[in-house]
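Participant: I am attaching a structure below and will ask some questions about it afterwards.
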Amino acid sequence: MKNLLDLSYEELVAEVTSLGLERYRADQILDWVFNKKVNNFDEMTNLSKQHRALLKEHFSIPFLKLLDKKVSRIDGTTKFLWELEDGNTIESVMLFHPDRITACISTQVGCPVKCIFCATGMSGFVRNLTTGEIVAQILSMEREEKKKIGNVVYMGMGEPLLNYENTIKSIRILNHKKMGNIGIRRITISTVGIPDRIIQLAEEGLDVKLALSLHAPTNFKRDQLVPLNKKYSIEEILNAVKIYQRKTGNRVTIEYVLIRGINDEISDAKKLAEILKNMKIFVNLIPVNPTAEDLKKPSRERLLAFKRILLENGIEAEIRREKGSDIEAACGQLRLKRIKSTS
């Protein structure tokens, strides 16, 4: 039995017609799933009983099982703990803005990158999510909250470019006008920097936004913060980003988590401005959020000084407004709960 949420539009049409159904039946099914949030064929009343029975034999539509939900008293940010069909768990977040609703979704159970300031990496890595499991996060949040998500950031648990095929396919599904119908420029992939995949992304014809989690201006410091840097140096990553920009023309966001006494020195700001010189970028400065590690935020004065140096050197920069930290839903705070090994 196939997970219908794993299928692209073209694949679903092919599957439906191979069963002897008319092509337009695929559109009817997708309207039920993506617009009405119905995942039971028996409720799809514009399909005949015979067709419903046939579809039930061949497809499942597994939304996610909600284990827990926490709502921030500060800003309404909502964090969801989901159970997957194999018993593993992931977290997703819904963020509310005056003009939009953004979903922060996961691409892996755990994360193999193990950034020292990120709770997800502390829990280890179990497996990649399927395309359907990535898509189901959006549908399950929309059904639970009865609200339409307009923006998606691939910034939850996991490194999206280490689950490349499923990440890209899920984006095509979420963007398709008869499926998720989310504008492509409203979708952002965040990566610590996998050079060959960044270059491959430029060839996909997907005009998504790209965010690079850099966090340090030198390899010496980044090796300590992002262990994967020992495999892919800052120079290799930024070279890939430059190739990406030449091919797409798109501005790239640089994510920089600021940690007191580690990467927040004035010299760090000057070096960061130097390595990003002449690039079409925007820097998001993120004061570190509390996790199990004893890492401290810089002072407000230091944050402003860091930002000022970037601006003085022609680098656009802003200090990100924190959302959901009181429920551990902010940057770097998502973690695995009740891990069950699939081995």
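Cβ atoms are placed via backbone N, Cα and C, with glycine included.
Annotated active site, proton acceptor per Swiss-Prot: GLU91, in sequence order, evidence recorded as sequence analysis. According to Swiss-Prot, the feature active site, S-methylcysteine intermediate maps to CYS331. The [4Fe-4S] cluster binding site annotation in Swiss-Prot covers CYS111, CYS115, CYS118 and is backed by sequence analysis. Residues or ranges marked as S-adenosyl-L-methionine binding site by Swiss-Prot on the basis of sequence analysis: GLY158, GLU159, SER190, SER213, LEU214, HIS215, ASN289. Sequence annotations record features per position, and here Swiss-Prot assigns disulfide bond to CYS104-CYS331. The domain 'Radical SAM core' annotation in Swiss-Prot covers 97-326.
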Participant: Mean pLDDT, the domain 'Radical SAM core' (97-326)?
Facilitator: 94
Participant: Around GLU159 (S-adenosyl-L-methionine binding site), how many other C-beta atoms are within 10 angstroms of its C-beta?
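Facilitator: Summing over all protein chains shown, GLU159 (S-adenosyl-L-methionine binding site) has 27 other Cβ atoms within 10 Å.
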Participant: Which of the recorded positions GLU91, CYS111, CYS115 has its Cα closest in space to the Cα of GLY158 (S-adenosyl-L-methionine binding site)?
Facilitator: CYS111
Participant: Which residues, sitting 6 or more apart from CYS111 ([4Fe-4S] cluster binding site) on the same chain, put a CB under 8 Å from its CB?
Facilitator: CYS118, THR120, GLY121, SER123, PHE125, MET157, GLY158, GLU159
Participant: How many Å lie between the Cα of LEU214 (S-adenosyl-L-methionine binding site) and the Cα of CYS104 (disulfide bond)?
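Facilitator: Their Cα atoms are separated by 19 Å.
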Participant: Among the binding-site residues CYS115, LEU214, which residue has the fewest other Cβ atoms within 10 Å of its own Cβ?
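Facilitator: Among the binding-site residues CYS115, LEU214, the lowest count of other Cβ atoms within 10 Å belongs to CYS115.
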